[in-house]
């Protein structure tokens with residue numbers, strides 16, 4: 001799925017042209033409205049710099065949070081200020097997304113200028129992918145760049161609808177990097193390929209596991225989702241969090257214990273190594289312990305809840321990482337936010353950092369864990385989109401990517 005990128009545009013495509021750029025500036029704010037982590041703003045700098053350097057007039061569009069209509073707390077004013085500091089130039093800020101005032105602000109732009117529109121989700125038309133709203137957005141510019149991988153799995157007006165009315169429509173540098181790394185891991189990886197899956201709910205990762213079984217040589221399971229697989233095989237899970245069924249959107253119930261057995265059987269049939277924890281670190285309640293007890297085997301005693309993989313499992317999983325050519329990591333091995341139960345997740349993170357394989361970390365919790373372990377700069381690629389990377393790895397088409405011009 002090769003898409004045309006911003007790098008493919010020539011000087012004539014950029015100089016003096018108005019470029020509408022969808023970025024992901026959905027950054028965390030504290031109670032006083034200060035940005036607590038500007039990673040997502042920094043991630044967009046290469047694309048913005050390339051466009052302004054080429055003389056384009058850049059119009060940025062992003063969402064922030066989940067507003068219900070206009071909400072002063074979720075205006076993009078602090079983002080414009082921080083972006084200006086990072087770019088070393090004034091970033092103009094519009095008080096709206098569409099309308100006469102915005103059109104006036106766009107008219108005033110000179111080559112190399114940057115204008116940030118207000119939070120696009122102030123308009124319910126954005127998430128409804130309303131064609132008129134998309135058309136009004138498209139009317140502001142002469143070319144469209146999508147650099148927001150984090151929302152590429154959403155068919156919204158600013159991510160998908162706008163590309164119907166504005167050409168060229170190309171991928172920004174960040175989106176291009178995401179597609180290259182994730183695409184390589186799925187289509188032409190260095191073997192053997194290992195998928196590390198973790199997190200609390202197996203129901204969130206069913207499609208991911210199903211798709212991975214057709215792509216990888218081995219799978220490691222950690223986190224609370226491992227207890228579903230263990231319980232399905234008759235292992236005692238004590239008081240651990242263990243999902244046994246889930247309800248689909250159509251109201252039907254899925255027996256997750258049976259599904260776990262089916263997935264294990266499919267792995268065996270396909271010759272995929274499927275590893276589960278052989279020991280655990282536990283507590284008698286959900287909370288931290290400086291030196292948690294370790295189970296002698298996979299069984300978890302009554303009244304105890306497993307909150308992390310144990311040292312034997314760590315060794316097993318680290319060895320698997322070391323012999324793999326490509327590793328896709330999606331989800332922590334335990335409750336890594338609690339220091340006493342962070343060892344399993346951090347052991348995996350450090351093993352990835354120290355090996356010379358292609359290591360790809362799906363966004364969300366795994367990205368936070370990699371950051372907390374201090375290994376982000378030693379990994380091949382840490383995705384900026386949790387939901388988007390998950391859907392891409394599940395084999396789904398991302399609407400925000402499908403809408404762009406073919407290379």
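Every residue, even glycine, has its Cβ placed from backbone N, Cα and C.
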Seminar exercise, completed: substrate site partner of 24, 25, 26, 40, 63, 64, 65, 66, 121 according to Swiss-Prot, chosen from 154, 164, 167, is 154
Exercise. Rounded to an integer, what is the Cα-Cα distance in Å between residue 24 (substrate binding site) and residue 364 (ATP binding site)?
Worked result: 14
Problem set entry | Distance from residue 65 (substrate binding site) back to residue 365 (ATP binding site), taken between C-alpha atoms, in Å | 18
Seminar exercise, completed: With the fewest other Cβ atoms within 10 Å, the residue among the binding-site residues 26, 366 is 26
Problem set entry | Nearest recorded site to residue 364 (ATP binding site) by CA-CA distance, among binding-site residues 26, 65, 121 | 26
For this session: Determine the Cβ neighbour count for residue 205 (ATP binding site): the number of other Cβ atoms within 10 Å of its Cβ.
Result: 23
Exercise. If you take the centroid of the Cβ atoms of 24, 25, 26, 40, 63, 64, 65, 66, 121, 154, the listed substrate site, which other residues of that chain have their Cβ within 8 Å of it?
Worked result: 62, 119, 150, 151
